[in-house]
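Chemist: Below: one structure in structure tokens.
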Amino acid sequence: MNLTRAGARLQVLLGHLGRPSAPTIVAQPVSGLASPASFQPEQFQYTLDNNVLTLEQRKFYEENGFLVIKNLVSDDDIQRFRAEFERICREEVKPPGIVIMRDVALAKQDYMPSDRMVSKIQDFQEDEELFRYCLLPEILKYVECFTGPNIMALHGMLINKPPDVGKKTSRHPLHQDLHYFPFRPSNLIVCAWTAMEHIDRNNGCLVVLPGTHKGTLKPHDYPKWEGGVNKMYHGIQDYDPNSPRVHLVMEKGDTVFFHPLLIHGSGRNKTQGFRKAISCHFGSSDCQCIDVSGTSQENIAREVVEMAEKKYGFQGVMDFKDTWIFRSRLVKGERINI
């Protein structure tokens, strides 16, 4: 599908929107676990009943807002994702709709088609090879524990965190992913984030604030960092700096599933290599879109719409909800609302 076809699809979508619409499992605990005898199923708020998660795993996610599944994605799949990423960076393939991003510290350098010039690609829903990640049965098996059976792939990314050149721009500020989405309820949304290599504090692993998914969506904006901030890297403006933090050390193929209200970020990449991970946000198609006007999400909504209008050549006809529905893809079950 080329951009012309994408534009045509968007026009059809906008018209539609104008009408009413009906492996080994290891969880690393960071807080005490309730015993099965003292924890009743009706207390579950963030996980759904099925035979995939153990009681201990459900309790862990309920308490902490994330769950690490070891060795979930195969080496073969990860190598295929890496190879496709490199082809995209070399401009050997140009999937329609894909967004290629560069670190702000590299933005002034002359661009040469190479994976060393790209910090992230996103919106790869039209790239058959990368989108396979969002269709992997081993991923969807766990996603369904949080979203239910009707599953939409909302947003795919492959992150290529570059070595930090001293400006600390490879950091990702602490944030909540729900800031970027107009979908509710938040409990039916989950991110799957898979390490494509060994990841630790040296190359900028994820850091999470356990239990913060139980709070509310906080105001976000660009942090005032001296070295600059990457495009759309909004951060929380008000959080408790004394909150306990957990750094997720992960091996290739390990996958963390986390709630969209969980506060998380990542540190600098202090190595000479590029730290790679692939992720997708999933949501239940039973979710509803909300109007973010007058909320703390207005700032990101403006940015997203401006980028989409520039990309597709539509001025004044799109809103925040349209941009997300346009990119979302059904991966399991039935498409209901979004």
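Including glycine, each Cβ sits where the backbone N, Cα and C put it.
According to Swiss-Prot:
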- 1-30: transit peptide (TRANSIT)
- Lys59: N6-succinyllysine (MOD_RES)
- Lys108: N6-succinyllysine (MOD_RES)
- Lys120, Met157, His175, Gln176, Asp177, Trp193, Ser266, Arg275: 2-oxoglutarate binding site (BINDING)
- His175, Asp177, His264: Fe cation binding site (BINDING)
- Lys231: N6-succinyllysine (MOD_RES)
- Lys252: N6-succinyllysine (MOD_RES)
Chemist: Could you state the CA-to-CA distance between Lys59 (N6-succinyllysine) and His175 (2-oxoglutarate binding site) to the nearest Å?
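Modeler: Cα-Cα, rounded: 24 Å.
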Chemist: Counting all other Cβ atoms within 10 Å across every protein chain shown, which of the recorded positions Lys120, His175, Lys252, His264 scores highest?
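Modeler: Comparing the recorded positions Lys120, His175, Lys252, His264, the most crowded Cβ belongs to His264.
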Chemist: With the 2-oxoglutarate site defined by the record as Lys120, Met157, His175, Gln176, Asp177, Trp193, Ser266, Arg275, how many Å span the farthest pair of C-alpha atoms?
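Modeler: Overall maximum Cα spacing for these binding residues reaches 21 Å.
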Chemist: Which ones in the same chain are close to Met157 (2-oxoglutarate binding site), with CB under 8 Å and 6+ residues apart in sequence?
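Modeler: Set apart from Met157 (2-oxoglutarate binding site) by at least 6 residues yet with Cβ under 8 Å, we have Lys120, Ile121, Gln122, Phe124, Ile278, Ser279, Cys280.
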Chemist: Run through the Cβ atoms and count how many others sit within 10 Å of the one on Gln176 (2-oxoglutarate binding site).
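Modeler: I count 26 other Cβ atoms within 10 Å of it.
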Chemist: List the residues of the same chain that sit at least 6 positions away from Ser266 (2-oxoglutarate binding site) in sequence and have their Cβ under 8 Å from its Cβ, in sequence order, or write 'none'.
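Modeler: Within the chain, Ser266 (2-oxoglutarate binding site) has Cβ neighbours under 8 Å at Lys161, Arg171, His172, Gly204, Cys205, Leu206, Val207.
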Chemist: Within 10 Å of the Cβ of Lys59 (N6-succinyllysine), how many other Cβ atoms are there?
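Modeler: The answer is 23.
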Chemist: Can you grab the distance from His175 (2-oxoglutarate binding site) over to His264 (Fe cation binding site)? Cα atoms, rounded to a whole Å.
Modeler: 6
